[in-house]
Amino acid sequence: MENKKHESNKNIIWHNQNVTKDKRLTLLNQKPCILWFTGLSGSGKSTIANAVEAELFKRGRKTYLLDGDNVRHGLNKDLGFSESDRIENIRRIGEVSKLFVDSGLIVLTAFISPFKSDRQIAKSLVNYHEFIEIFIDTPLEICEQRDPKGLYKKARDGAIKNFTGISSPYEEPLEPQIHIKTNKNTVQECVDKIIYYLIKFGYIQGNENDYAI
Ligand code: ADP
């Protein structure tokens, strides 16, 4: 099987396209990137990513949001939650995000992505400044109190195995580009902090002073 895969790969040759990433960018007036939200279930990834995308949309920026559960309904519906499936889940999301970045979009991804090594793989697929890691840092007790999908209760009852934070580890990012504490800031303040970063580092245009918090 491995050999077969290897043999067929030899006959697959990259085709250069006439319309390049640089050419696309001249039309878009933004610097494409991946806003990679990581954090425990219930930490606020989807809520904040949705609100950031809405703000970018309002500003006429071109975006796409890849959300954990939605991707598992389609592209990754063949994957479960074993360690190897989780790794493959993140790998595919990284590859899809890379294509979207190549197309010029600001991509927002909202996945627990608990393992440093997997986030590192996603990061390695794009240029250095195209990957912005956003740590949605909410203490486990608060995520568990919120429990927006009732999953912590199920995990505590033993109905869900390998649940991050309970029966599976979450490896915190050590040097995220943006560190968000949802127990200290409102959703709007969290959004402002991200928009501020995007303006300050030239991903979008605007007045960063409107957002400094
Ligand atoms: P995740 O995508 O990380 O699993 P969700 O966004 O689905 O988390 O759920 C987070 C819950 O926490 C939502 O019900 C949201 O309304 C609530 N919440 C309370 N305060 C905040 C905040 N400052 N930022 C984000 N979410 C918050």
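Using N, Cα and C of the backbone, Cβ positions are placed for all residues, glycine too.
Annotation comment: TrEMBL describes SER113 as active site, phosphoserine intermediate. Within the same chain, the residues at least 6 positions away from SER113 (active site, phosphoserine intermediate) whose Cβ sits under 8 Å from its Cβ are TRP36, THR38, ILE90, ARG119, ALA122, listed in sequence order.
In the three-state DSSP classification, SER41 (ATP binding site) falls within coil. Annotated ATP binding site per TrEMBL: GLY39, LEU40, SER41, GLY42, SER43, GLY44, LYS45, SER46, in sequence order.
Summed and averaged per residue, pLDDT over the domain 'APS kinase' (31-181) gives 95. Per TrEMBL, the feature domain 'APS kinase' maps to 31-181.
A simple way to gauge crowding: the CB of SER41 (ATP binding site) has 25 other CB atoms within 10 angstroms, across all the protein chains here.
Ligand 1 lies under 6 Å from the Cβ of the following recorded positions, listed in sequence order from LEU40, SER41, GLY42, SER43, SER113: SER41, GLY42, SER43.
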